[in-house]
Each structure stands twice: as C-alpha cells, then as structure tokens.
Ligand code: GDP
Ligand code: MN
Ligand code: MN
C-alpha cells in the first residue's frame, strides 16, 4: 500500500468544507482510505473554546489543586473544568486526568488540545462531539467514496510514546475479525480481532507529523480489508474492561 499526505491544505476555519478542501488537492479513489486529523475536523466544526468558557466548579478546583501539588506545576482549574465537561467518567485524577469522552474514547484530558488550536486567540480545541458522524459527513460530501477515518494522537498505557488512533470512522468496519480462521499450523484463531482503523491511523500519523508540518490529511491507497468479518466495536464496555475497573479503585501516591 501507499501512504501519502495531502499537500497544500490551508489553515482550517469554522464552517470549512473539508471534503472540498481535500478533493481540490487529491484525486481520491473509491477504494482509498482518507485519514483526517481530529484537529482540523474540530476547527471546521468550530470546537475551539476558551478557558473563560469554563468557570471552575468545586470539583475542578479540587482536581487542579491536587495536580499542582503532585506535579509542582501551575494548573488552571478552568482547564480541569473543560475536561470534566467533555467527559462521562474521570478514570484517573492524578498524576494526570484520564477520562472517557461521551463517544467512548479514553484519553488524557479528554483529548483537549492546547497546540495547533489556530491563530485567532483561542486557548483550546475540543475533540469533535461525535467523530463517526463527522467522518460520515465528510464522506457524504466527497464525490469519490473512500472510507474516512478521524484520527487523534494518543498516548498508551504500558508503552512510552504516542501514536495515531482512530476516534471516528465511516465506510469501513473498525476491526477485522480473524476468529474462526486458521494459522499456518491449522489451529483455529480464537481471539484475534484486528483494530484496522487504529493501524491505519498510526500509518497516517507517520506522514502527517505532530508539529507545524501543515499536513492534517493522509491517504492510504491499495490497501485491502480483505475477505473477513468486520465489527465496529472499538471502545470497550466498562463491564468488559477490567483495566478500567481496576483503575477505579486505585489512588495515586507519590513514592
Ligand atoms: P491531532 O493529532 O489531531 O491532535 O493533530 P496535530 O495537532 O497533531 O496536527 C496534525 C497535523 O495537522 C500536523 O501536521 C499539523 O501541522 C497539521 N495541522 C493542524 N491544523 C491544521 C490546519 O488548520 N491546516 C493545515 N494545513 N494543517 C494543520
Ligand atoms: Mn489531538
Ligand atoms: Mn497529532
């Protein structure tokens, strides 16, 4: 397969038609996968915000004080308030804020960005409200019919370093299911469900970068989902998420 970034995209503004911006710079094909950084989806959907929009309540003040004590850095309680308002559950409140967003993604600070926000004096960029609907919308506005994936850069537990993940998708299942297929020794695979949208997002991140490259959109070409069952389960239900359950009973203590 090939992975390439779409060149020449402008600073994205509220109301911009991302599909049109991309299609005037790339000849998309129906079997392409188009990967769009959530940053520009948020800009187009005007998810920019200001710290002043989030007057801190008691819980946010408490969280910010604790984070300050733990990190020795100044923490703005309005930022904690913004994270609270974007989240359905606070999974960890120290030494950083790990929360679940309304659409199921778990991330530090609810994925709120303070970099690449845009140059109009806003402090924050919130994630798209419903990224799979954003992906649907972009797809509907294209004249070709590629799969569309909205990505974000995310850290991971157990490993250093961040990588691209999918937070919304359209026209492609989230995963391909290898269960019931066989390995080279003829053994039946029992558990392997491959999160292809995350793998594609990670590939896209390799060419879009994280800084001032100005490359928020990538195309994966000549990759095939293949003849597999698909599923859209990417976010674990709390019931089946034992790591999340374990964290609920955990308290940060500096040692
Ligand atoms: P995130 O991973 O979705 O949080 O987005 P990043 O902040 O990591 O940005 C991904 C890529 O998009 C980087 O190459 C940025 O320079 C680029 N980028 C961010 N916003 C814009 C924009 O409005 N226009 C253009 N052309 N590039 C942007
Ligand atoms: Mn981000
Ligand atoms: Mn990024």
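Numbers run from 1 along the shown chain.
Cβ atoms here come from the backbone N, Cα and C positions, even for glycine.
Remember, TrEMBL labels are computer predictions, not curated facts.
As recorded in TrEMBL:
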type: BINDING; residues: 9-12, 38-39, 43, 116, 208-215; note: GTP binding site
type: BINDING; residues: 113, 152; note: divalent metal cation 1 binding site
type: BINDING; residues: 153, 210; note: divalent metal cation 2 binding site
type: DOMAIN; residues: 9-222; note: domain 'Coenzyme F420:L-glutamate ligase-like'
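Location within the structure of each feature annotated in TrEMBL.
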residue : record                               : DSSP (3 states)
9       : GTP binding site                     : coil
38      : GTP binding site                     : helix
43      : GTP binding site                     : helix
113     : divalent metal cation 1 binding site : strand
152     : divalent metal cation 1 binding site : strand
208     : GTP binding site                     : helix
214     : GTP binding site                     : coil
Residues near residue 43 (GTP binding site) in space but at least six apart in sequence (CB under 8 A): 11, 12, 13, 14, 16, 118, 125
Annotated binding-site residues 152, 153, 214, filtered by Cβ under 6 Å to ligand 2: 152, 153
Separation of alpha carbons, residue 152 (divalent metal cation 1 binding site) and residue 9 (GTP binding site) (Å): 18
Listed binding-site residues adjacent to ligand 3, that is, members of 9, 11, 43, 153, 210, 212 whose C-beta is under 6 A away: 153, 210
Spatial neighbours, same chain, of residue 210 (GTP binding site) - Cβ under 8 Å, 6+ residues apart: 153, 162
Rounded to the nearest Å - Cα separation of residue 214 (GTP binding site) and residue 113 (divalent metal cation 1 binding site): 16
